[in-house]
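What Swiss-Prot records for C25, C50, C107 is [4Fe-4S] cluster binding site.
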Amino acid sequence: MMQGIGGDIQDSQLIREDNVTHSFCGLACVGWMYQKIKDSFFLILGTHTCAHFLQNALGMMIFAKPRFGIALIEEGDLAKNEPTLQEVVSEIKADHHPSVIFLLSSCTPEVMKVDFKGLADHLSTPETPVLFVPASGLVYNFTQAEDSILSALVPYCPQAPAGEKKVVFLGSVNDSTAADIRADAEELGIPVGGFLPESRFDKMPAIGPDTVLAPIQPYLSRVALKLSRERGSTVLHSLFPYGPDGSRVFWEDLAREFGITVDLREREAAAWEKIRKQTDKLKGKKVFLTADTMLELPLARFLRHAGADIMECSSAYIIKKFHAKELEALQGVRVVEQPNFHRQLEDIRRERPDLIVTSLMTANPFVGNGFVVKWSMEFMLMPIHSWSGVVSLANLFVAPLQRRSMLPAFDESVWLEGAMPSAEVHA
């Protein structure tokens, strides 16, 4: 159950180190954002590396005509002042008829100092806006590219009049989860203004000075701050709605913003009971979370309240005000921003956690050394929000533990034999 909600942020053992994140670049957000905004097209100005990444990561064949594409930078483009994309954009309009085109930056053109904002403005028309989205891996974690997309959409959200008090949920979720969240709000008597983003460009929610913004993803601090400053909206600072504990606090805090007092402790208890079999398997398990998705804080909080022992929770970026409630709920837990991965490796080898939640890039080496691993990317792609997502969330953690329990004893040599012949010679 809930513990530590009233403590100071300083009580969390918050440490900042100096490492880069072993994670995808922001282009990965295309995988879920193009499916969410159904009348959009995502155009990336990038290199062959970007093309290979998206082709492999998203598993799309070219004949499927997905609503994203890459304008390749070749050697000859390095001598040009600015890339020419007018023909590409005209082809996109003819083939896909999008209502909006998002122009995403990548590492190489950013190093070349391409004026993406000016390029997008030049390509934009009243009928089909072209919006610049900074998405390279030079600055942002891959989930923060969604933050950039939502920030680009702000000018296209209508102005809600003063006195119209409704909640707008910030964050991309599938249509089924959005319907569940809307139903949960309406059941509590909370008027809903919509979601940012909605599934169509012309359906973006009206936002004004009396709008309450409820972030449902922990990596959307910039768009929340932008709307607060530009529209005067109120940002809900609560736990994020992951797990029974987070869902209860989120909905109680949101209802309070509308002058509604609700007690959801019974519903929280029923949700914990619903996943008792899963939490029984998590109790006492040592879990280590490496930095990847920026979901790590709420995931660690859920695991802790489910009975797991959190050895370390690390995240690429931690924004103290935006993540305040999650940090309070993790007081006493070692929380690390921009962790040094080499130090983490030594800690993991020494402490031998029962479960490591980590990125796709580091998962296989951990498995090869005998550890049980959960891909952190999976939490991005599954419906794990609010009450309807409780079972899915718990199952994601339990599945690798159950799988390992059904396998024969791990033979490390099967993975490592011949991997480093030079090491064998000197052994």
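Backbone N, Cα and C define each Cβ position, glycine as well.
What you see is a predicted model, and the numbers here were worked out from it, not measured in a lab.
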Original post:
In the same chain, which residues outside the set C25, C50, C107 have their CB within 8 A of the centroid of the CB atoms that define the [4Fe-4S] cluster site?
Top reply: G26, L27, G46, T47, T49, F53, S106, T108, A135, S136, G137
**OP:** Report the same-chain neighbours of C107 ([4Fe-4S] cluster binding site): residues 6+ apart in sequence with Cβ closer than 8 Å to its Cβ, ordered by sequence.
**Re:** C25, G46, S136, G137, L138
Subject >> For C25 ([4Fe-4S] cluster binding site), the three-state class that DSSP assigns >> reply: coil
**OP:** Identify, in sequence order, the residues in the chain of C50 ([4Fe-4S] cluster binding site) that are 6 or more apart from it along the sequence and have a CB within less than 8 Å of its CB; answer 'none' if there are none.
**Re:** L27, I44, I70, S106
Original post:
By the DSSP assignment reduced to helix, strand and coil, which category contains C107 ([4Fe-4S] cluster binding site)?
Top reply: helix
